[in-house]
Amino acid sequence: MMRYQWWLYLVYAIGLMLCLGPSYIHPDEHFQCIEILAMQFMKVKGTIPWEFKSKFAARSYGPLLLVYGPLFTILESFPEIQDNPALILYSMRLQNYVMYLLCYHFLIPKLIRDERKAVQFIKKSLLLTSYVTWTYQTHTFSNSIETLALISTLTVMEDMVNEKNIQRSNFKNSVILGLIFSFGVFNRVTFPAFIFLPCLILFWKFYRVHWKSFSLLLLSFSFSSCLFVLIDTNIYNNGKGFVITPLNNLKYNLNVQNLQVHGLHPRYTHLLVNLPQIVGPVLLLAIFSGYKLDKLSTYAIISGLLFLSFFQHQELRFLVPLVPLLVTNLNWTPLSSTLVNKKIFKGTWLLFNIIMAFIMGISHQAGIIQFLGDYFHFRTEQMGVHIWWKTYSPPTWMYMSNNLTVSSLINTQDGIESIDEVAFSVGNHHVIDLKGCDLPLLTETIRRLRLNGSITPLTLVTPNSMTSELKKLKRDGTINLIPKRNYLFHLDLDHLDFNDFTTFKPGLTVYSIELL
């Protein structure tokens, strides 16, 4: 028992360390969450993503305010934290980590209570040592919150279809289920994809003979949904009547032309590419052992994969809510025990998760967060112009400025990148996000800033993987780059070129630009 407790504390500590790591997994963890909240609560200027523009109104403020609003309210009482973007970021990640651990301790056991103690221990151990638990679940993705909503839903539903409870009316659970359904839908429009098949089974087994309970579920869902609609209508205030964000989001995503902007993938991407990446060696257990067909969780897996694969924009994080189900719902057989107890499986599982945890929890695009966290300490009135090139979009809320101008590269209808909308006349407190544009556009940006008479500091933030490209920039003879700061733990996986091994160089460097 003592040995188990020490092992548990060690895993918790590893999770805490990675939770507080500087990695930056995907722009949406900032722009669909903290960026919006910081602008609401702290009145800083930042980047409004398309989903939160009144024209689209495709994301609900309700779940964000419900999950993170209390934390921001508490932080208002601590100015030393409220003014420090790194502390705000890590506070939010810590909250997510704690919420997931609570779910792990109180809800996951209910999904595996029919298993033998030894099997429960193995499944819980696999889930706790998954890199997804340490990274994706702690970052501020809507997918992370969707996981909690899905597990909560399935826990309640499993309880309702239990033979002991099937004859009861279950008014309380019906009300709870309606509230979670509403929250899940307004948090992410993909939530119904996971619960569609489980809902059909629940209706057939329970609600077709308990119509009063079904009425309560509908009433609860409608009431909470109306509250979310009123919140969004008040905030967006776009003059178009009531704002129903899940409906707007669904309409947007059903248009293939819209999805092309974000990237189209083959429909098998989730099944053949993303699934192996997200569960690793557990996939072997799934292949050899299969899943329990008498559990609603299995149908949530099938339902989620089926409906999410229908859409051609398929990112790995969309499958994050399935990870707990893919692990805990395995059909445990003697072959499963034999495989898990083999040293090669244990070693492969640990190696897979250590590597993925290092990438996703510590080094992936981490220089961005480190620089903006440091910038808080050395910022001055003469910020000048910060040009970001070949990095993920900087989370501009971390500048903590109420006087910030953000310009960005745009793609024209012909797919051509353009800097025509960059505010070259703004020479101070200006962030220019050039994303992954080619070198000529970077050169043109610097040239036009110079032509507009910019005498304030010009700063270039770019990964060390661009060493070869920067040498070409210097050959121009009119530009000199002086390294000011360097961050070793920055992994750029987006610009790897096997014909140029300098693109594998880790790190991010902040340069001062001198115009000769």
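Along the chain as shown, residues are numbered 1 onward.
Keep in mind that glycine also has a Cβ here, set from the backbone N, Cα and C atoms.
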To which of the residue ranges 106-126, 211-231 does Swiss-Prot assign the term transmembrane segment?
211-231
Same topological domain name for LEU37 and GLU146 in Swiss-Prot, and hence the same side of the membrane?
no
Report which of ASN331, ASN403 appears in Swiss-Prot with the annotation N-linked glycosylation site.
ASN403
Match it up for me: which of 61-81, 481-501 does Swiss-Prot list as transmembrane segment?
61-81
Are there 3 or more C-beta pairs under 8 Å linking the transmembrane segment (271-291) with the transmembrane segment (349-369), counting only pairs at least 6 apart in sequence?
yes
With DSSP as the yardstick, break the topological domain 'Cytoplasmic' (292-295) down into helix, strand and coil residue counts.
0 helix, 0 strand, 4 coil
Any residues 6+ beyond the ends of the transmembrane segment (61-81) with a Cβ under 8 Å from its own?
33, 36-37, 40-42, 87-88, 91-92, 95, 140, 142, 145, 183, 186-187, 227-228, 231-232, 235
Can you name the far-off residues of the same chain, 6+ from the ends of the topological domain 'Cytoplasmic' (339-348), with a Cβ under 8 Å from a Cβ of it?
122, 280-281, 284-285, 288
